[in-house]
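Chemist: Straight from TrEMBL, here's the annotation block:
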- 1-15: compositional bias 'Polar residues' (COMPBIAS)
- 483-592: domain 'PGG' (DOMAIN)
- 1-21: region 'Disordered' (REGION)
- 121-143: repeat 'ANK' (REPEAT)
- 164-184: repeat 'ANK' (REPEAT)
- 268-300: repeat 'ANK' (REPEAT)
- 303-326: repeat 'ANK' (REPEAT)
- 491-512: transmembrane segment (TRANSMEM)
- 533-558: transmembrane segment (TRANSMEM)
- 570-587: transmembrane segment (TRANSMEM)
- 599-620: transmembrane segment (TRANSMEM)
- 632-653: transmembrane segment (TRANSMEM)
Amino acid sequence: MDQPSTSSDNESGEATQLEIEKDRAIAAKAESSQEVEAQDECLTGMDLPAYRAATTGNIDFLVLHGEHLSQILTPTKNTVLHIYIACAKRSRTSSKNTASINTVTRILDMCPGLLLQANERGDTTLHVAAKHGHDHIVEHLIKLARARQEEACCQLLIRTVNHDGDTALHEAVRFNHLTVVEILTRADPEALYSANDAGETPLYMAAQRGYNSLVSEILETCTNPSYEGPDGRTALHASVIYNDRDLTSKLLDYFTGDKALTKAVDKQGWTPLHFAAFFGHSLIVKHLLRADESAAYVRDKDDKKTALHIAVSKGHLDVMKELISHCPDCCELVDKRHQNVLHYAIENKRFEIQDFVQKDPWLSNVLLNGKDDNQNTPFHQLAASFYKFGHVSRAGSEIIDSSKDFISDARVDKMAFNKEHLTALDMIQANHSFSRLEKKYVQRLSSKVNSGRPGYHTVNDEIKGNKDKEIKIERKEATNQIVKELKQSHLIAATLIATVTFTAGMTMPGGYQSQKGRDQGFAVLTKNANFRVFILTNLIAMTLSSLAVFIHILVLLTAKQYTPFVQIRWVLHLTVWALIFMMVAFYNGTAAVLRDSLVATIAISIMSNMLVLVIMPFALFLNISTLNSTDAFYMFLVNIRVPTVFRFCMFHLRCAKNKIRSP
C-alpha cells in the first residue's frame, strides 16, 4: 500500500521541479528579449529631427518631448545636452554666450537629470564643456548644481571621473583651456585630482605639455595638488626633460622641503637629477641641487649609476663641475660593476673629463687607481678601449696622443694587476693590432715613472715575444689557407670575364660592313653612341680581368718573399670592377642593336645604371675597409671613381634620351 503512495509523491515532485525550470526558462527568455530590445533601441540612435534640434538648440522642438529628454540618446548614450554643448561655438560676445546659457538652462529645466547623466564613456555635460573650452557653460553648470542647495551635488559634478579616470579638470588641461581651469579649481580647491588610468594628474599633464600658466593656476588655487605621472615620473621629471627652467623653479618653490619630489624615481630608478645630467641641463642641475643635494647620491635601479656617472658618460663637463661643487664626495660612489666615473670617462673617450679629474687633487686621489669588480683600474680601461676599433692603428694613436698626460702621470699605478694578473701595459703589449712603434711609445711614456724595476718589462717582453711568435705562426697558417681558397675562386672568375669580353670584342654587335667600299670590314654601328660605350667598357673589362690573371701568376712567383694579401686584395678589386664594366658593356651592346624598341631601350638604360649604383658602393667599401698606410694609391682611385662613374651614368642617360628622340 505504501509503494503507490511513494511513487505518486515522486511524480508530483518531479512535476513541480519541471514547472520551476520552465518558469526560469520563460523568465530568462523574457530578460534576453528585453536586452535585445534595449540594444536595438540603442542601435537605432537618435531621430534626425531630434539630433538637429539638439545641435541648434531648438527649444520649441525639445519642449515637445519634455520629460523624456533623458531617453533620447545616441548609440553611445549621448543626450541632447551633450550634443548641444559639443556643437556650440565658442564666442567672445556676451550676447551669444547668454543665448547658449539660456538654452542650457531651458533644457535642464525640462529634464534636471541631464546635469549628471553620463554617456557611454562616462562623460558628463561638464566633461564635454571643459573639453571644448566653453567657460561660460562650465561656470553656469556649476551654478546650477549649487542652486540645488546641495554642496555635495556640486562636488560630485566636478569630481566625477569618466571610464578613463579623467575629471573635467583633466579635459580642460589636456586642451589648454586656462579660463576653464580657473573656474574648476576655484569652485572646488580642496578636490584631490588623482591620476587617471594613464597615470596622469592634471598638474603632470600641464607640466608635460609645457602649459606653464595652467601649472601656476593649479599650484596657486588647489590646496593639495598631486604631481604624480605615469611610470613613476612626476611633474618635476617632465619639466626637467623639456629643459623648462621657469617651470622647474615654480615646482621647486611650491614644494619646498618636499624631498619626495626631488628624489622621486621612475621605473628605471631615475630622479629628475638623472635626467638633467643625461641631457646636460646644467642650470636645472643647479636648481635641483640647491633644493636637495641628497639627490646626487641616489643610484638608479638597474646599473646603480648616479647622476654623476650619467653626466660623465655623456661628456657633460659643466654638469659634472656643478655636481662636484655641491657634493664633492659623490664621486666616491660606484655602479654595480664597482666602476667609478673615471672608468666611464675613459670608456666613452671623454678625455676632457679625464684631464679635469687629473687636475683636481681630490678627484684624482679617489678615482685614478680605483678598481672595479674585475680589479681593472682606469688605466686598464684605457688599454681595453684599444680593442674596440676595427683598425686600431690610427684610432689607437689618437687615444694615446690625447691620453699621454694620463699615461705619464706618476700618481697612476702602472703595476696594478687585474683578476687575470695583467697590468695595463701587459694588455697593450698583447694587443697585436698595435704597431711596434706605438707599443714602444706607450712603454717609454710609462717607464718614466712607477712602472716597475729595471728589467721587469724586458722579461715580460721576452715571454710575450715567444707567445707572439706562436700566434704569428698560427695566423700565418690560417692566412695561407684563406689565400689558397681565394686564389682558386678569383682565378676562375677573372678567366671567365676575360674570355667573355674577348669573345664579345671579336663578335661585334650588329656585325661588319660586307659591301665593297671604303667602309668594308668595319663595324656597322660605328656611329651609334651605345656601341661606342660598349667598345670602351668591354675593353676596360678585358684589361682589368687580364691584369687580375697576371697578378695571380705574380702571386705564385712572389708568395715566399712577400705577404700575398696585398696582391689578393688587388685581384678582388680588379675582378669586381671588371664584372661591373662587363655588365655595362653587355647592356650597351644590347641597346645598340635594339634601335627601334623604345621600351627595351628605356629598360636597358635603367638596369645598366642601377647595376652601377648598386655594385659601386660595394667596390668602394672594399677599398675603404682595407685601406692602410701602404695603400695610398687606393684613396686616389676612390677619389677619381665617384665622379667618373657619375659622369658615365649621365652620359648613358643622354644616349638613351637621344635615341628616344631620333625618328
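Glycine too: its Cβ is placed from the backbone N, Cα and C atoms.
Remember, TrEMBL labels are computer predictions, not curated facts.
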Chemist: Per DSSP, how many helix, strand and coil residues does the repeat 'ANK' (164-184) have?
Modeler: 14 helix, 0 strand, 7 coil
Chemist: Run through the repeat 'ANK' (121-143) and tell me, per DSSP, how many residues are helix, strand and coil.
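Modeler: Going through the repeat 'ANK' (121-143) residue by residue, I get 16 helix, 0 strand, 7 coil.
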Chemist: Under 8 Å between C-beta atoms and at least six residues away from its ends: which parts of the chain pack against the repeat 'ANK' (303-326)?
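Modeler: Same-chain contacts beyond the flanks: 271, 273-274, 276-278, 280-282, 285-286, 289-290, 293, 295-297, 333-336, 341, 344-345, 347-348, 350, 352-353, 356, 360, 363.
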Chemist: Could you tell me what the rest of the chain brings near the repeat 'ANK' (164-184), counting residues at least six beyond its ends with Cβ under 8 Å?
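Modeler: For the repeat 'ANK' (164-184), the list is 121-122, 124, 126-127, 129-135, 138-139, 142, 158, 191, 193-198, 200, 202, 205-206, 209, 211, 213-214, 217-218, 221.
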Chemist: Using Cβ atoms and a strict cutoff of less than 8 Å, what residues sit near the transmembrane segment (491-512) while being 6 or more residues removed from its termini?
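Modeler: For the transmembrane segment (491-512), the sequence-distant neighbours (Cβ-Cβ under 8 Å, at least 6 residues beyond its ends) are 521-525, 528, 531, 534-535, 538-539, 541-542, 544-546, 548-549, 552, 571, 574-575, 578-579, 582, 585-586, 589-590, 592-593.
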Chemist: Summarise the repeat 'ANK' (303-326) as counts of helix, strand and coil residues per DSSP.
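Modeler: The composition, in the requested order, is 17 helix, 0 strand, 7 coil.
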Chemist: Grab the pLDDT values for the repeat 'ANK' (164-184) and give me their mean, rounded.
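Modeler: Across the repeat 'ANK' (164-184), the average pLDDT comes out at 96.
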